[in-house]
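A.B. asks: What TrEMBL records for this protein is below:
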TRANSMEM  A:6-22  transmembrane segment
DOMAIN    A:69-119  domain 'NADH-Ubiquinone oxidoreductase (complex I) chain 5 N-terminal'
TRANSMEM  A:86-106  transmembrane segment
TRANSMEM  A:118-135  transmembrane segment
DOMAIN    A:135-417  domain 'NADH:quinone oxidoreductase/Mrp antiporter transmembrane'
TRANSMEM  A:141-160  transmembrane segment
TRANSMEM  A:172-196  transmembrane segment
TRANSMEM  A:248-266  transmembrane segment
TRANSMEM  A:278-299  transmembrane segment
TRANSMEM  A:374-395  transmembrane segment
TRANSMEM  A:415-437  transmembrane segment
TRANSMEM  A:457-480  transmembrane segment
TRANSMEM  A:500-522  transmembrane segment
TRANSMEM  A:606-625  transmembrane segment
Amino acid sequence: MLDLTWLLIAVPLASAAFLLLAGRRADAWGHWVGVAASGTAFLVGLGALIQMLGEDAHHREHAVHLFSWIPGGALDLDAGLLVDPLSMTFVMLVTFVGTLIHVYSVAYMEHDPDRRRFFAYLNLFVAAMLLLVLADSYLLLFVGWEGVGLASYLLIGFWNHKPEYATAANKAFIVNRVGDMGLIIAMGLMFTYFGALDFEGVFAAADGASTAQLTAIGLMLLVAACGKSAQFPLQSWLGDAMAGPTPVSALIHAATMVTAGVYLIVRSAPIYAGAPAAQTTVAAIGAFTLILGAVIGMAKDDIKKALAASTMSQIGYMMLAAGLGPVGYAFAIFHLVTHGFFKAGMFLGAGSVMHGMNDQVDMRRFGALRTAMVTTWVTFGLGWLAILGVPPFSGFWSKDKIIEAAFVGEGAQPWILGGAALIGAGLTAFYMSRLFFMTFHGKARWTDDQHPHESPALMTVPMIILAVGSAFLGLFLALGDRFATWLEPVTGHAEHHEPVLPIPVIMIATLLLVALGVWVAWRKYGAADVPETAPAASLATIAARNDMFQDSVNRGVFERPGTHLTRTLVYADAALVDGAVDKTAGGWARTGESVRKTQNGQVRSYALTMLVGLVIVILVVVQGGL
Amino acid sequence: MDPINFVILASILFAIGAAAVLLRRNAIIAFMGVELMLNAANLALVAFSRMHGEIDGQIMAFFVLVVAAAEVVVGLAIIIAVFRARQTISLDEPAELKG
Amino acid sequence: MVNPVLFWIIAAITVIPAFSLLFARKAVHVAMSIVLVMVGLAAAYITLGAPFLGMVQIVVYTGAVMMLFLFVLMLVGVDQREDLKETIKGQRWIGLFTAAGLGAFLVSVVGRVTVAVSDTPVQGDPDVVAVLLFEKYVLVIEVLGFLLITAAVGALVLTHTPRLKPRRTQLEVQRDRVLAGADPVNKPMPGVYARHNALDVPALDPEGQPIDHSVSRVLKIRNQTQEGVEFRAALEDPSRKEGDR
């Protein structure tokens, strides 16, 4: 079965090509082709997983050679797949959640005339994402990296007849370019220093490389990860990316693509092992983004944007864990998997709410939906409990471990990182509860033409499955450290370090903060009335509502200077370069003008000139020199 | 008397011919100046032939004569063509070479 | 060696007329002066032992080239007087200075050198020249022949004026004449039906009347015509008999 892993990529890719080429005649049944392709990929992945589970833990790493890709002198690169526990984890996440979301989309996009195209893009995304996680070299990973970027762009701008959606797509694409540049530079550095781009060669060479080299590569990889995973300072695109259809937000901008940055960091573990400074930067960025995302999430009234801020914050947790080194790698991936389930589930729940509420996204117009949408309420509630980290739901097992790991270390670092993680847990509890209560509890604040109703079974069944995963997957994987052991061949064995605080203290503090957050949210948004329009608020709230002015900052720090720099360059080009050329040419033209005057057209003048020249020649000849 | 004096005579005639070309605006007169310069050269050739006791100098003068005849034919044809086009043979008129 | 008197005469009849190039106003005068110069040069050639070249000089230059110049002068108008006022700034003085400087320089240089004169002067008689021309320089002669032909053709091409409209036929010419009101037939010739054939006598029409316009206009202006009246009288004389002439 492992030899067939190339089917994981080929089937969705072929399906995407088929759906795009088939045209309108496939409109009626094309979406089922997409679902089948995704389901096939899941089955292939499942087969591979089962085979892998039957093997000895130390022989679970398989290299699947595909073809010789770039046989060029100093760079001899083969295209191949690396099937190991880490990539298999992603394969299962992507194909399982992806298939559920495909099924969900069949109903969600039922009335969209372009449903076939939507499924083609979804399949394209699945293929690219699987290529990203299965690639055995940075270059092949980059192909998938760009592929998911393309799919993301196409899907954010799926309703591109609305200019602001098209702009959002462009924004995501352009911000991602910044990150991609980081990956390209990192690859360039690898090729320069190590002469290799495949994981095996790079990691082998990384052992003997200098700290400076590894730090440079690590920071560039971090830039790439920040771009793809919406981490500070490249986070601005994620909120606008919610312009895409909700299943897209669930699959790409919550469960899978945005976690590719975490995958990149974890996959590059050998590089970070030799670059502690880069590693600390990863953790710091993760910690900062988790707070930033949580603060933004507290102020958003748009349910999807609040979830997007939450995604940003949760990925911040993963980055924080990934930045802690071997201690955190497994927990980063663990949280990634559980997050993939509960966040996808909540996004699908949000989609279900929108489906029933005429695409309304303003939470201030929701309220009391628990009676109208019982299934959605229950499934969303399970996701809510999971993200809060309430035991025994999934989030508890993964997030609590990250908070504990953040407290490991020496000096001020554990206190700062751990403190951020701890506070983040409280903030998470507040904004998620706010979202949950504003949507499902309190009084109905619906507009007149809204008649909330439960979604069809095609939508609720995937939500239920994901809710079950949100509830029990963490427990299942955490028992006996199953997941950490499973990933051990890749992430390496982590020595157990004692946090600076006793574990029970951390756990109790976390739960207390969570309880506090929920209580405050209940007082403010559950028990009390919620105004239908956003009330005037403090400067901090306004800043959070405006994504911490990140667009303004970007405009002020990058766009304006960039514009001015461009103008300066244009002016310099016109004044200096063109000026020099023009002046030179003008000088010659004036010289020509003055010389032209000797060409007066008078034959006798010419004759005189000839005679003068003749006299001079004769003088020279006769006198034997000048 | 030394034949070198004919060379001096040729020099004077040459200078007069050159001055005519430079100063006269009538194309025919300027042309006659050119002819005079050619003949001055011929005179010098013949004088050198006499001084060296070689007849080749005369042959050269003969060739110059023939070429000059051809030149006269073409030159006068050009003058006639210009006159037909412009009704004048002043050298100052056709200033179309003006840059 | 050359007779000094002969030299000075030759110098006089070449240099003095040559100055007409600079000072004469009429091109015809210049041309005639140059003819004199050419003759002087021919004399110089003969003096220097080149009798054939001297004859050729006379034939070609005075006989052909200068006559050609005169023909062209006739074509473009003998009366074209030239304004001697200089139009190009500085041209006159720079030109004169340069030309005079050149002449003075050449004279001074040539005057300072002494060349040994050959003791065995050669005589450029036609037979000697012919042998040299057609043996040693035969190729040059051939090339010069081509040059002359080319020059002749070139002159033809340059002076040729292409016909812009097709030539008018006689029919068209006559039609235009009649339409313009001219006589369809020739004017009557003077002296026809006259007693004696003479230009000053008008022709008589069939009725015996004189036709005025048969006599040339010029003769009328000069009053050299005869009325023809006396012939009419004689014609009407009853005594006159047929065959009485």
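In case you wondered, yes, glycine gets a Cβ from its N, Cα and C as well.
Show me how these features fit into the shown structure, please.
C.D. replies: Below 8 angstroms of C-beta separation, residues 8, 31-32, 34-35, 38-39, 41-42, 45-46, 48-49, 52, 115, 118-119, 122, 125-126, 129-130, 133-134, 245, 247, 250-251, 255-256, 263, 266-267, 333, 336-337, 340-341, 344, 348, 351, 458-459, 461-463, 465-466, 486-487, 490-491 of the same chain, each at least six residues beyond the ends of the transmembrane segment (A:86-106), sit close to that stretch.
Long-range contacts of the transmembrane segment (A:141-160) within the same chain, counting only residues at least 6 positions beyond its ends with a Cβ under 8 Å from a Cβ of the stretch, are 114, 117-118, 121-122, 124-125, 127-135, 166, 168-170, 172-173, 176, 180, 183-184, 187, 224, 228, 240-241, 243-245, 248, 252-253, 257, 260, 264, 267.
Counting only same-chain residues 6+ beyond the ends of the transmembrane segment (A:374-395), those with a CB under 8 A from a CB of the stretch are 310, 314, 335, 338-339, 341-343, 345-346, 348-350, 352-353, 356, 425, 428-429, 432-433, 435-436, 439-440, 454-455, 460, 463-464, 466-475, 510-511, 514, 517-518.
If one looks beyond the transmembrane segment (A:457-480) by at least 6 residues along the same chain, the residues whose Cβ comes under 8 Å of a Cβ in the stretch are 97, 100-101, 103-104, 106-108, 334, 337-338, 341-342, 344-345, 348-349, 351-352, 355, 375-376, 378-380, 382-383, 385-386, 392-398, 401.
Long-range contacts of the transmembrane segment (A:500-522) within the same chain: residues 388-391, 400, 403-404, 407-409, 414-415, 418, 422-423, 425-431, 433-434, 436-437, each at least 6 residues beyond the stretch ends and with a Cβ under 8 Å from a Cβ of the stretch.
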A.B. asks: Determine which residues of the chain contact the transmembrane segment (A:606-625) at the Cβ level, with the cut-off under 8 Å and only residues 6 or more beyond its ends counted.
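C.D. replies: Beyond its ends, the transmembrane segment (A:606-625) has no Cβ neighbours under 8 Å.
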A.B. asks: Looking only at the domain 'NADH-Ubiquinone oxidoreductase (complex I) chain 5 N-terminal' (A:69-119), what is the model's average confidence as pLDDT?
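C.D. replies: 85, rounded to a whole number.
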A.B. asks: Write out how many residues of the domain 'NADH-Ubiquinone oxidoreductase (complex I) chain 5 N-terminal' (A:69-119) are helix, how many strand and how many coil, based on DSSP.
C.D. replies: 29 helix, 13 strand, 9 coil
